[in-house]
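Heads up, the thing below is written out as C-alpha cells.
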C-alpha cells in the first residue's frame, strides 16, 4: 500500500481463472477490510470495477497475464486506499492445498473510514498520545486498541477458507479433465499484493523458485472457453518438450471437434497444420479418451 509506512503487504496465491470480483474478495479478507465501499482495478490502460469493465467477466489471468505483470487496486473512493499488485510467480498448485491462501504478510491494514493515509497518521498519533478529541472518537468507535503491527496469517487463511466470504467458480468439465491429469487440477497464478516482489521475511510454503513456462501455457488456455485446434497446436509446439498436459489439451480440442463435425481421426489429423505429425495427433486423441 503506497503512502503507508511502515509497509503493509500480503502475499496471496489465487487461481488464474479467478474473476476479478473474486480477487477483490480475496484482497478484502487478506488485508482485513470490511468490503463496505466501491473498488476498481487498473492495468494496461484498462479499468475493471465501478467505472470500468465488469469485474466478474474478467479473470486474474486476463488482467495479469505473466510474471512481473502489475495492477492497481483502489478501495473506498473517499479514503482512496491504493494497493499495488504484482505477479511474482506462475506455477502449478501444490497437491492437497486449498486456494486462495495467504503465505506471508506484514502489519494490519488501516481502520475503515479513518480518512485515508493522512487520517491514518492522525489516528496513529492519537493512539500513541492516548488523549485528545481524536482519541475520544477512537474510543467511541472501539478503535483505541488498534495495533498497526499485528498480522495473523492463520486468521486470514481461515477467512479465505470460508465459502461465505470467498466464492470461486467451479472449473468446467473440460478444464477439470485437462487440469486433473498430473496434479494440475486448476490453473494456478499466485499473485502477491504489495509494493515489492521481494518479501522473504516470514514467507513459508513457497513454490519452486523457477517459473514453469509450460504451466503458463496451460493457464492461458484454461481460463476461457475450450481452445481451438489451432490454439492447442500452438500450445503443443511451445510446450511439448516441457509438459505432457499440452498434448492432452490438443486431444481435448480434437475430440470436441470430432464430436461436433463427425470427422474421423484421420481427417482431423490432416487438418492440423504441418508442424504437427499425424502420430502425435492420434496419440493425443487416444490420451483424451
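Using N, Cα and C of the backbone, Cβ positions are placed for all residues, glycine too.
Among the ranges 186-229, 230-273, the one that TrEMBL lists as region 'Disordered' is 186-229. In the predicted model, the domain 'Plasmid pRiA4b Orf3-like' (3-155) shows an average pLDDT of 89.
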